[in-house]
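Colleague: Below you'll find the structure I mean.
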Ligand SMILES: NC(=O)c1ccc[n+]([C@@H]2O[C@H](COP(=O)([O-])OP(=O)(O)OC[C@H]3O[C@@H](n4cnc5c(N)ncnc54)[C@H](O)[C@@H]3O)[C@@H](O)[C@H]2O)c1
């Protein structure tokens, strides 16, 4: 059940009698229908009336309607207008382009544009690597989507995906000073997406694939990695995997278990789950058991696609079959990137002592975190209203900052692991506890250390090759 939060905030402009009790009456009316009042501003005052902007967090459109009705029903009060602050924030989009050069006079013009620019073009034609030195390529990343798996909204198409991609670009800039730009493609054809991204790649020093549905996302990423000489990173896969591996490292520090002795159940073997398993396997876990909508993944299961066949071949060392609930018995760790409300406290009780539960399905996790806490030692979710939020923002800005600074031509698992370790290490022993296994998304220390770790790995690999 959604709770009122800043993601849905309304401002209601009301006209009310100028009585001593007016403010109290208005705020009480909002509170009585469970609105969370965040601001009360008198915008106009006359002898016969006051006009007030009441800002409140709500949980849904119906809830906003309840607040309006409650205010309108007060004697002498009239609601003039309701504004949704989230929509106001999006008017005209969230990004703009700003030139970095002054264009004040003919001299400026002849250097930034013709005729001077022609010599720069010729230099790049003679030495294409100079594009990184002399153009926006140096610091620019394409945020590419086909709109097929947007947030929890599903296949809503490229135009509807644009607000998310703009937000992503804003985060790139805010946390790592990367100039990212949304590229929302009006096609969901794998070959066409690959061809288009290949064709537009000259402008960019990196490609961030976003919200492209599995299993198409695997092929698109793999083929683009083969064809392009810039890093291609599907954030829903690898951003998630980096933060999960970082969080798991710290959760296991809290409970004092070596990963080599842990049985880890991963629920969900789509974009996020597959990438988590791939990266986890690099850490030599005791055993990994993957579960999807059809139960435990094992090599004897029928209808395995390429992805599931690979997972079956690398996990489940005892080749067990069965349900998620059966998989959980004796498990040290649960990592869920699947679907809401799959189990309860009863199943957590069957896990090993000091169990770790990461229930990351959004917006509703695989288990209510309050239930999980009854028997688990460490609990994490993808949500901002609980401790231990597993959020890709901890990873992707710093990862790309490092890749761009190192002029990387590819990205690999070593770089992802370096990023994960860097995130985990931000939480030192003095701060580490069951409610603090990952740094805050607003911790400005994170992106620079992730960038440094990725950059060092790129450079080390370049020296070794
Ligand atoms: N940082 C985060 O918190 C974070 C990051 C990535 C994904 N997620 C969440 O993880 C979930 C999956 O994301 P995705 O992009 O990998 O989706 P996806 O569609 O690619 O994969 C979903 C997987 O879940 C499995 N699944 C569905 N219903 C199931 C059930 N009842 N029992 C077991 N498995 C089931 C499917 O078989 C599939 O393997 C979403 O809720 C997403 O919001 C959270």
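All positions are counted from 1 along the displayed chain.
Heads up, the Cβ atoms here are built off N, Cα and C, so glycines get one too.
So TrEMBL lists these for the protein:
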| type | residues | note |
| --- | --- | --- |
| DOMAIN | 92-225 | domain 'Malic enzyme N-terminal' |
| ACT_SITE | 113 | active site, proton donor |
| ACT_SITE | 168 | active site, proton acceptor |
| BINDING | 210, 211, 236 | divalent metal cation binding site |
| DOMAIN | 237-459 | domain 'Malic enzyme NAD-binding' |
| BINDING | 362, 391 | (S)-malate binding site |
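Where in this structure would I find these features, and how exposed are they?
Modeller: Counting every protein chain shown, the number of other Cβ atoms lying within 10 Å of the Cβ of residue 113 (active site, proton donor) is 12. According to its DSSP assignment, residue 113 (active site, proton donor) is coil.
For residue 168 (active site, proton acceptor), the same-chain residues 6+ apart in sequence whose C-beta sits under 8 angstroms from its C-beta are 143, 180, 182, 208, 210, 235. Under the three-state DSSP scheme, residue 168 (active site, proton acceptor) falls in the helix class.
Long-range Cβ contacts of residue 211 (divalent metal cation binding site) within its own chain (separation 6+, distance under 8 Å): 145, 147, 148, 149, 150, 151, 161, 164, 236.
Using a 10 Å radius centred on the Cβ of residue 391 ((S)-malate binding site) and all shown protein chains, the other Cβ atoms total 16. DSSP assigns residue 391 ((S)-malate binding site) to coil in the three-state reduction, outside any helix or strand.
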Colleague: C-alpha of residue 113 (active site, proton donor) to C-alpha of residue 391 ((S)-malate binding site): distance in Å?
Modeller: 42
Colleague: Please state whether DSSP places residue 210 (divalent metal cation binding site) in a helix, a strand or coil.
Modeller: coil
Colleague: Can you tell me which of 113, 168, 210, 211, our recorded positions, come within under 6 Å of ligand 1 at the Cβ?
Modeller: none
Colleague: What residue among the binding-site residues 210, 236 has the most other CB atoms lying within 10 A of its CB?
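Modeller: For the binding-site residues 210, 236, the Cβ with the most other Cβ atoms within 10 Å is 210.
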Colleague: Other than 210, 211, 236, which residues of the chain come within 8 Å of the divalent metal cation site, judged by Cβ distance to the Cβ centroid of those residues?
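Modeller: Not counting the recorded site residues, we get 145, 149, 150, 164, 209, 212, 217, 234, 235, 271.
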